[in-house]
Amino acid sequence: MANVNAGHHDHHPDQEELRTFAFWIYLMTDVILFATLFATYIVLQGNTDGGPGPKDLFQMNGIYASTFILLTSSFTSGLAILAMNKGNRLALMNWLGVTVFLGASFLFLEINEFMHLVSEGATISTSAFWTAFYTLVGTHGLHVALGLGWMIILIMQIAKRGITPVTKRKVNIISLFWHFLDVVWIFVFTIVYVMGVN
Amino acid sequence: MWESVKEFASEFFVTGDPLIYGADVSIVLSIIAIVSVLTYFKKWGWLWREWLTTVDHKKIGIMYILASVLMLFRGGVDALLMRAQLAMPDMQFLSGDHYNQIFTTHGVIMILFMAMPLMFGLFNVIVPLQLGARDVAFPFLNALSFWLFFSGAMLFNLSFVIGGSPDAGWLAYPPYSELAFNPGPGQDFYIWGIQISGIGSLMTGINFIVTILKVRAPGMTLMKMPMFSWSVLSSCIAIVFAFPILTVTLALLFIDRYLGGHFFTLDGGGNPMMYINLIWMWGHPEVYIIVLPAFGIFSEIVATFSRKKLFGYKSMVFAMIIISVLSFLVWAHHFFTMGSGADVNAFFAVTTMLIAIPTGVKVFNWLFTMFRGKITFETPMLWTVGIIPNFVIGGMTGVLLSVAPADFQYHNSYFLVAHFHQVIIAGVVFGFFAGLYYWWPKIFGFKLNERIGRWAFWLWNIGFYLCFMPQYALGLMGMTRRLYSYGWDKGWFEMNLVSTIGAVIMGVAFLVQIWDIAHSLKNMKRDTTGDPWNARTLEWSIPSPAPFYNFAVMPQVTSQDDWHERKLRIEQGLEKPAKVELEPIHMPKNSGIPIVMSMFWFFVGFGLIFDWLWMAVPGFIGVLACMVVHSFNYDTDYYVTVEEIKRTEAEAGRVIT
């Protein structure tokens, strides 16, 4: 029984390819998860129970800023992939670092927004509308937070092991995840914020 | 100090019921017994290395099956308690509150902690062997799925002695399941028990889709794949689409209860009907998730014991895929009485009736497979033949229920209770029993005793009809479900008594099966052929039980029922047993992370149930830490040497030159 690293020729299908495929299926389940949250949000949208609604409290300037930041982070994660495909380890780590920084800024703005809303008297238990709002937007935020932790761990692994088939697959997957969160945010931005204030 | 400890204990533990004290004692005694046996025989290391940390799909499958049999026992005891209470009018055996808890735990346990793991057990043991694979696509994830299920099941069952059981029905409809009406921890046990095991089910779904689509033996195209694997694929597709909805729904209910949200509350603009829609968007596909693999099992057994190729392979495949798609379009038939209007009800009534078509196709395919076949009635086939009329009756009463105007009459009556028990017991449970009898020799290396097996079959079936046929009539006579007591004036006594007698007979049948297993263990005859039924698919081409790497040499598949065809060719002298060239086999290493991580999940759940953040937060940190540790571990596999393969094959009675 000898230990081996990946890359040995075998009858097995390529493990890294399998993992990428499985991640696509996982993303599909995440689509269903967000779809359910969106459906709930849309059903409960008007149920403000006489309390404040979206028009009263949303501050769109902050939302434009955080949208811009998240979209940019998607772009920088794309640049990280390009750097990886060129075999440039340092640039890969740097672009991932920039992505982490932008993602953290997005989260910072989101937490700020939530604190502002709570100070205005719109908490999760104010009405069905606000429960649905915090849950939907917060679930997206939670995904972003997990993505950040994951990316930091990956940067450490790349520093230790360089660009191997395994780390390459891992970076590809996190970038898929990151783009996915971006797409979800576009729906949040449109359905929750833009349609909410208009 | 002592006073506060006593006060805490009286709230923490369920008190006041002699039945529960009895259970407390037996739980403590069995834990002591298990621990001392393991310590006395110095088996802790063995248990840890061979079972708790295993990533071998066959062992994981056996653990699933074992757990599901325990849960069948618990759920069955619940059922018998209910039937005892209903045996006579004005019975004083259980209080109303206790009855509510029992029908809730009975439903949850039977569907989520008995049917699901029994199904996953069969997936695990059989699918990789049928596909000619060394393991599932992701063995580590597979172990994690099992341990998450196990943690969730333990958490849920704990509510029996700690904190109090949930009592809002198996789907926990709000507003009754909301904090305002249900303040105790029981409902939170429900949420976290199901949530944790649900994550495991979702991962199993992903794992088996990838396994079936990507890890088949060379030459096995999708349309040459055994029918059970097709049924697993269609079931897993439904899992992947349905389980996220369950995750979200339970999370929303928890947000209502824990953070004071207003999703489904009566005040604050909440909408309880939203929950009922969401839970059935998962709940209805769930029913098909558990029954589709049973259809696959029947297809394998019918072909094997009729000595014929399965009739209508392609139509079978299409029927299963259509069922898994249609299962997402029928959810509102569970609440025609909600008042969504004639148009909505008509749509859901029609989609529900449509499902009868592919299901009918399958039934006819099984019948045509038997037609002019050389049928033999060993236990697996006996079950299958017994199931067909039974399931057809269940299916037809389902079509009756799908007629929306008529459903206003049947809704929540015993007619419905009889219907869903008939499709789930006769379809799912009996189907999995058939599968267990069929694959038992492959899993354990010996057949179960046929004579005792026949006794179990007849007792189960007679008990079943006695128990549930009267319930159809009781439903039409006005008896509603979840009723814990009724008066003499109703005229329901006789049929309820018959129903209870039927339930007792099924209880006896279960004991007979346990006896069957014990008896066969003691008097077993080792199966040396690996193919005791003269069957048709790849899992029978290897020794029983299968060696840990499954196939010493990767099979090359050329046709449907490839093993059967190969046997024919060898018999006719067209193919000589090929001289094989062994190569080292690539295998995954065992890992302790799945069980440790699931234990942390248990702490997360338990902490949140009792609002103990000091337990939940470290638990969650532990979960994350396990993920990080696993992510940093690159040393996850090894190679089995050719010498070891030769040795293992020789021990199984196969000589490889």
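Each Cβ is built from the backbone N, Cα and C atoms, and glycine gets one as well.
As annotated by TrEMBL, domain 'Cytochrome oxidase subunit I profile' applies to B:40-558. Feature annotation from TrEMBL assigns transmembrane segment to B:20-41, B:62-82, B:139-162, B:189-215, B:227-255, B:346-368, B:380-404, B:416-440, B:452-473, B:493-515, B:592-610, B:616-634 (among others).
Contact between the transmembrane segment (B:62-82) and the transmembrane segment (B:139-162) is supported: at least 3 Cβ pairs lie under 8 Å, counting only residues 6 or more apart in sequence.
For the transmembrane segment (B:189-215), the residues of the chain that approach it from at least six positions outside its boundaries are 104, 108, 112-113, 116, 120, 123, 127-128, 131, 133, 136-138, 141-142, 144-153, 155-159, 163, 165-166, 168, 172, 177, 225, 229, 232-233, 236-237, 239-240, 243-244, 246-247, 250-251, 253-254, 257, 598, 601-602, 604-606, 608-609, judged by C-beta separation under 8 angstroms. Mean model confidence for the domain 'Cytochrome oxidase subunit I profile' (B:40-558) is a pLDDT of 95. Contact between the transmembrane segment (B:592-610) and the transmembrane segment (B:380-404) is absent: fewer than three CB pairs lie under 8 Å, with pairs separated by 6 or more positions in sequence. Within its own chain, the transmembrane segment (B:380-404) is flanked in space by residues 297-298, 301-302, 304-305, 333, 336, 345-346, 348-349, 352-353, 356, 359, 363, 366-367, 370, 410, 415-416, 418-419, 422-423, 426-427, 430-431, 433-435, 437-438, 453-454, 457, 461, 464, 472, 533, which lie at least six positions past its ends and keep a Cβ under 8 Å from the stretch. Outside the transmembrane segment (B:416-440), and at least 6 residues removed from its termini, the chain residues within Cβ reach (under 8 Å) are 65, 110-111, 115, 118-119, 122, 125-126, 287, 290-291, 293-295, 297-298, 300-301, 304, 378-380, 383-384, 386-387, 390-391, 393-395, 397-398, 401, 410, 446-448, 453, 460, 464, 467-469, 471-472, 474-475, 481, 513, 533, 539. Listed as Cβ neighbours of the transmembrane segment (B:452-473) (distance under 8 Å, sequence separation of 6 or more from its ends, same chain) are residues 83, 379, 382-383, 386, 390, 397, 414-415, 417-419, 421-422, 425-426, 430, 433, 437, 495-496, 498-509, 512-513, 515-516, 519-520.
Sequence-remote contacts of a segment are chain residues at least 6 beyond its ends whose Cβ falls under 8 Å from one of its Cβ atoms, and for the transmembrane segment (B:493-515) they are 72-73, 76, 79-80, 83-84, 86-89, 433, 452-453, 455-456, 459-460, 462-468, 470-471, 473-474, 486.
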